[in-house]
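**Q** Starting off with a structure, shown below.
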Amino acid sequence: MPFCTHSTLPIAGTIISPANLAHQSSLRPSMDMSDSNNHAPISIDNQTGIDDEDTDRFKIKSSTFCKVMRIVAGLAPPVPKSLVKGKDRAPTRRPPVWAESRQELCEALPYYRSFQSGLYMYKKVAYGYLLEAFPAPRDVWADNGRVIISHGGGQCICAKLPDGTQGPPILQTDQSPLNARIETLLQAAERRTPLVLIAGEGYRQLPWKLDCAYVVLGWYWISYTWVEAEPVGKGVLPPRDRDYFHRYKIRFDWVKNQGEPWWDCESDLSLNLGTSPKNTPTTTVPQTPGCANVHEEGPSGLGAAARLIIPVEPLRHVNSGFILNAPDHLSPNNDIMRRDCSSGFEDKLMYYSAEGCGKWPRGDEEMTSCLPTVTDQDEEPSIHLYDTFVCPNCHQKTPMIYKEGQICVKPSCPAFFLLRTAYGLFPIPPGFSLTLNPSFLLLRPTPKSLENLPYDLVPPTLDESISEGAECKANLGGRALWKGWVCTDCERANCRYKWEVWECRNCGNLFAPLSRNESMPLSGLSFHFPPFMGDAMTMHTGRIMMLSSMKNIAIAYDLPDAGTVYHVISHDRIVADKLFHDYQIEAARGFCFQRRALKANTVKGALLAQHFAVNSGAPYKYNVDTLSVPFDQSPSCVMAALNLISSGTSDVLKADTEFNEILSVIYREGQKMGWHDDGEPGLGPVVASLCLGSPADISFRPKVVNRANGTSNAEVALSFTLSHGDIMIMQGRDIQKKYHHRAMPYGLRIAATARMISDS
């Protein structure tokens, strides 16, 4: 066991050999939970081990024990970290890309789309790696950032401290190649595939203070990986027969072909980063406004609102309902009802290009990029780049990583992470300060296979012709027009938060505004189906009811002890066709359709909703901070939609229905409204919604509360498809109290939802 669990030193006096190493190990007492509680992962010198206040069962301070160990090993006292770390000058150049939120990175950069994990990977290929808070021991920024040592992610928990606060992440089990992240990083090291490193303002090793949340550092390659032994943290059950976990360390080396790092560049010339900015960069690190300046690190677990690139394909089952007054041409079509969205867009990683579109990324095609790999004939193995020794126990070559001596980092070796001294092999106690060998921290030569990098750090400039002509119509509802954008003036990564244009939140630069008179025709929608009935899924909590004769076709679904959901289908779609056109024109002309920030956020920085929305009439307070305008300042299409909803609802409920608010939402391809309810204070008993454009699957599920674990998910109770011109009515306040619902559009869709909201 590498870590000594008691204050007494292991038996010494003889040179420990492979023959008697097992006997030496057997003399070490095993570790129980009382011992593990005395071991914390971070010490006062930011190294692995317990701090000076923690003691073992014999009440000997960790710092005292480590001093004794250094004397036995013949090592000098460790140099305080504050004396080792020099003060590098602040950069005078702007980074190639910077951002103020995690979402801006994920939407603007194809090589980093991870809202939670530090590593962005796809099919076991690593594309981007984020350096942020919570470092592991011996994480290093060396050679002014040309050499960076970090750690493998995953297998961590944030245990509660004695004062009730949440502690730093600590390992709860071994990191191993069986973990997807570790396996991906190991493959990147073996194949020598480059990846992009990004630094956040919480990255403690950065020698200067960032004036923004994130910066793109540049291209790196993994020159070496190894395993260290990390003590078991407080409150964590240790592995069997040992008191440490395996922690993978990853060494990144700067790819020299891209030029000098931007933060270490004395010249005023542009760096070789691939895409030149439109204007000459200023000579300061960007100062950013406070528009998206919420920097909070949330808990793990990706919420529905944050899963911006994962298309959800709901299961659909056919359960034909009771159809009243249905014309012959509206009879159910089995082929249509059995359709699924398996052919829908699967988000890709690289930049996109469309036929005849020049540089414009459509969003539905993958750019072919050849990631460089290395073979034995091309390069020598990475270990040959370092000074090495042959471990006398496992007989394998190991780099001289630590100044303290020859320490084997092969987990299978019986001498793994043991300190080799003149008196034998000793366990490295918690709190013992290991120092990386200066020769190990030298920059290694870039492999020849990385002479040509696969793509630019700055995504290609978009073609402004997309805002005009046929290509505009073809992409109005597509994913391409809600992806992010890197400003060509100040290099900030931006989300597209306005429907009609890309706008930089830093400098106000505008790009590719939509034509003010163009709209997507219904015939151009990806999923445009003739009206049909019966495509509904009901579980044991739902039952179908028949309605009396009325103008339109309708089906009523009873949600027990909650209320009734009505699906109203109109066979006269002339009004709906005009509304679909008029809404698009108003949005293109700048009528306030925006993606606004979610009030509940689990990622760093502001998190925008997926949909573009504006509220008219009474203020509606829900989980998105939506812009609200009075009725008299709303376009005619909004008021026409409100009238259509009111008349349709009155026909169904056989009573005059008044609404004083309408929320208009536009979805582009891939956008959705996740599970939610409309149970805001003052909400009336009736909520009605008009569907325009592409159809959408509407689903309801009960709210299930588990006292032990909080709210858990229930199975779907009702699911049906709203098509162009359809109206959905929710009657009963208890629907909002007892059920969640969601909308999953198939493409460009406009939803107008009307409510009665009282002042209370």
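Placed from the backbone N, Cα and C atoms, the Cβ positions cover glycine too.
Per TrEMBL, 2-oxoglutarate binding site is recorded for Y667, H676, H740. Among the features that TrEMBL reports, compositional bias 'Polar residues' is placed at 26-49. The annotation domain 'Fe2OG dioxygenase' is assigned in TrEMBL to 658-758. Summarising the annotation, TrEMBL assigns region 'Disordered' to 26-53.
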**Q** Please list the DSSP helix, strand and coil residue counts for the domain 'Fe2OG dioxygenase' (658-758).
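**A** For the domain 'Fe2OG dioxygenase' (658-758), the helix, strand and coil counts are 6 helix, 61 strand, 34 coil.
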**Q** Which has the fewest other Cβ atoms within 10 Å: H676, H740, the binding-site residues listed?
**A** H676
**Q** Over all pairs within Y667, H676, H740, the annotated 2-oxoglutarate binders, what is the largest Cα to Cα distance, rounded to whole Å?
**A** 20
**Q** Once near-sequence residues are set aside, which residues in the chain of Y667 (2-oxoglutarate binding site), 6 or more away, have Cβ atoms under 8 Å from its Cβ?
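**A** Those within reach of Y667 (2-oxoglutarate binding site), by Cβ under 8 Å and sequence separation of 6 or more, are Q610, H611, F612, M673, S694, A696, A743, P745, L748, R749, I750, A751.
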